[in-house]
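Below is one structure, written out as structure tokens, with a few remarks after it.
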Amino acid sequence: QSCLSRQQLLAAIRQMQQLLKGQETRFAEGLRVMRSRLSTLHNSLAKAGPEPPPVSCPALQAPADGKKFGTKYLVEHEVHFACEPGFQLLGSSTRTCQPDGSWSGQEPRCAEISECSSSPCQNGGTCLEGLNHYKCLCPQQWTGATCQYRAQTAPPAWSVTDDPAFSRQPRCAQVAQTQQCSCDPGFHMSGTAANGLCQDLNECEVYKRDEGPRLCAHLCVNLPGSYRCACPPGYRLLGDGKSCEDIDECALSQDDCPGGTSCINTGGGFQCVNPQCPPPAGNVTYVKTSPFQCERNPCPMESRLCHQAPKTVSFHYLPLPANAPAPAPLLRFAILGGDGRGHFVIQRSGRHTGELVLVQSLGGPQTVHVDVDMSEYLDRVFQAKHVSKITLFVSAYEF
């Protein structure tokens with residue numbers, strides 16, 4: 001009996017060892033499963049973290065003697081460039097922000113248009129620079145676009161002959177027993193070598209008669225041997241001596257707008273504006289929250305008409321030169337009304353943005369009104385409507 005009890009004890013010990021080993025195996029398996037679940041949970045939390053900020057591109061500057069249109073630098077947004085009169089754009093006129101944070105195209109720059117740099121005038125002709133054009137002022141015995149043909153010696157019709165201030169004595173020298181006479185630039189020899197007189201070339205009249213590009217952006221004033229350009233009131237002459245630039249009377253405090261109104265700069269002048277909120281209609285009323293924005297007062301819960309009325313009404317004013325080339329971006333829209341129908345369209349310019357585009361040139365002076373509707377949605381459910389009332393002041397001039 002003693003021996004049997006010992007065998008039973010050994011069997012019990014082996015059984016206990018197997019039980020402990022099984023429990024150890026199950027514990028290790030449970031620990032492995034727990035680690036796997038923790039890893040899966042950690043990965044899912046990492047994926048559900050905050051989205052990285054949207055990719056943007058470096059800020060772009062307007063080129064010297066040029067302008068930049070567009071202030072958004074996020075992916076798919078476009079920035080447009082243009083040059084001042086008398087300059088041509090080199091590089092890309094439109095650049096798009098790419099997903100890698102860089103801009104498409106080449107950096108733009110504005111180069112001065114110099115038609116006379118290639119010395120196109122032959123046989124001693126003088127090259128006269130115009131707006132994107134040139135004119136050859138030929139010596140007496142030569143004619144043609146580049147002074148390439150021999151001409152008669154009669155004075156041209158565009159010489160100034162009836163004003164002594166526009167006449168000069170020629171410079172003469174004896175060369176090989178013959179007298180050679182010449183005139184200063186801007187003057188033309190009239191008469192024979194013996195009694196010749198240098199008479200002024202009316203550059204303004206030359207360009208007017210040829211019906212080519214204008215010598216000046218606005219007004220040409222003839223001077224003895226030269227000319228100068230002048231601009232209309234409200235404009236200043238640019239450094240190229242030909243182009244005109246608008247004077248911003250509002251920025252220079254040169255306006256006389258009364259209190260309660262705002263000064264808006266326009267081409268050649270300014271406008272004093274004081275936009276008013278829409279009048280009350282039923283239970284729809286507005287309050288002015290800034291000089292250029294009105295907000296709708298809270299609506300009764302049951303009033304569907306009030307909730308469908310614009311939540312905000314904003315006012316925008318844009319100066320525009322006459323006969324501006326189209327198409328041209330001006331400002332997700334839908335045209336509601338105003339008197340600008342047919343002159344504008346709305347087009348998408350990015351993933352979440354749109355732009356108002358001028359599609360038909362506008363002569364001036366005139367004032368055009370366009371109402372733009374912007375609807376706000378959340379999960380494709382209409383939330384609110386916003387209206388922008390845009391007023392364009394079209395100048396009388398094309399600059």
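The first residue you see is number 1, and the count goes up from there.
Using N, Cα and C of the backbone, Cβ positions are placed for all residues, glycine too.
Automatic prediction, not curation, is the source of TrEMBL annotations.
According to TrEMBL, the disulfide bond annotation covers Cys83-Cys110 (among others).
Its Cβ placed at the centre, Cys147 (disulfide bond) has 22 other Cβ atoms within 10 Å. Residues or ranges marked as disulfide bond by TrEMBL: Cys138-Cys147 (among others).
Residues or ranges marked as domain 'Sushi' in TrEMBL: 55-112.
According to TrEMBL, the feature domain 'EGF-like' maps to 112-148 (among others). Per-residue confidence over the domain 'EGF-like' (112-148) averages 73 (mean pLDDT, predicted model).
As a summary of secondary structure, the domain 'EGF-like' (200-245) carries 8 helix, 17 strand, 21 coil according to DSSP. Under the heading domain 'EGF-like', TrEMBL lists 200-245 (among others).
Long-range C-beta contacts of Cys110 (disulfide bond), restricted to its own chain and to partners at least six residues apart, with a cutoff below 8 Å, comprise Pro63, Ala64, Asp65, Gly66, Cys83, Glu84, Phe87, Gln88, Leu89, Leu90. Counting Cβ atoms from all protein chains shown, Cys138 (disulfide bond) has 24 others lying within 10 Å of its own Cβ. The 10 Å shell around the Cβ of Cys83 (disulfide bond) contains 22 further Cβ atoms across the protein chains shown.
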